[in-house]
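According to TrEMBL, the protein carries these features:
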type	residues	note
BINDING	14, 52, 53, 54, 55, 60, 74, 103	substrate binding site
BINDING	14, 21, 33, 81, 90, 91, 92, 99, 100	ATP binding site
BINDING	33, 81	divalent metal cation binding site
TRANSMEM	35-55	transmembrane segment
TRANSMEM	61-80	transmembrane segment
ACT_SITE	74	active site, proton acceptor
TRANSMEM	101-120	transmembrane segment
């Protein structure tokens, strides 16, 4: 198999490059996506609250994990939206479906936060 001409470095250099690209992605999301900034703010509030609450370590871990899941889903949602917009800004039913599904995934993740926190705290 012929190696891809688009493949980059290997080893430690590859890991360092990947970390840089990841930070670039976080910066782009924070700068360009209001929803991501709102979720960061929500996490800044909820994660310390999870440490303050008298819950087990397992419950605390789950509470924090579902909060972080919201950030992950928003990153994927923003990536899908950016890719769709890169292809074309023209309105198309498939583009709408893709964006709506990304939005629905975010809604489900936020419902998960509410359900998990509710079940643990109530």
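Placed from the backbone N, Cα and C atoms, the Cβ positions cover glycine too.
Here the features listed in TrEMBL are painted onto the structure.
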residue : record                 : DSSP class
14      : substrate binding site : helix
33      : ATP binding site       : coil
53      : substrate binding site : coil
60      : substrate binding site : helix
74      : substrate binding site : helix
90      : ATP binding site       : coil
100     : ATP binding site       : helix
#### Entry: Tertiary neighbours of residue 60 (substrate binding site) (same chain, Cβ under 8 Å, six or more apart)
50, 51, 53
### Query
Say you check the Cα of residue 90 (ATP binding site) against those of the binding-site residues 14, 52, 54, 103; which is nearest?
103
### Task
Mind giving me a neighbour count for residue 14 (substrate binding site)? Other Cβ atoms within 10 Å of its Cβ, every protein chain shown.
12
### Message
In whole Å, how far does the CA atom of residue 74 (substrate binding site) lie from that of residue 100 (ATP binding site)?
### Response
13
## Note on the structure
CB contacts under 8 angstroms to residue 33 (ATP binding site), restricted to the same chain and 6+ apart in sequence, sorted by sequence, are 74, 78
### Query
Using Cα coordinates, what distance in whole Å links residue 54 (substrate binding site) and residue 100 (ATP binding site)?
38
### Query
Residues sitting near the transmembrane segment (35-55): Cβ under 8 Å, six or more positions beyond its termini, same chain?
29, 63-64, 67-68, 70-71, 74-75, 77-78, 106, 113, 117, 120-121
### Summary
If you count the other CB atoms within 10 A of the CB of residue 52 (substrate binding site), including all protein chains displayed, you should get 9
### Query
Rounded to the nearest angstrom, how far is the Cα of residue 100 (ATP binding site) from the Cα of residue 81 (divalent metal cation binding site)?
10
### Message
Restricting to the chain of residue 103 (substrate binding site) and a gap of 6 or more, list residues whose Cβ falls under 8 Å of its Cβ, or answer none.
### Response
77
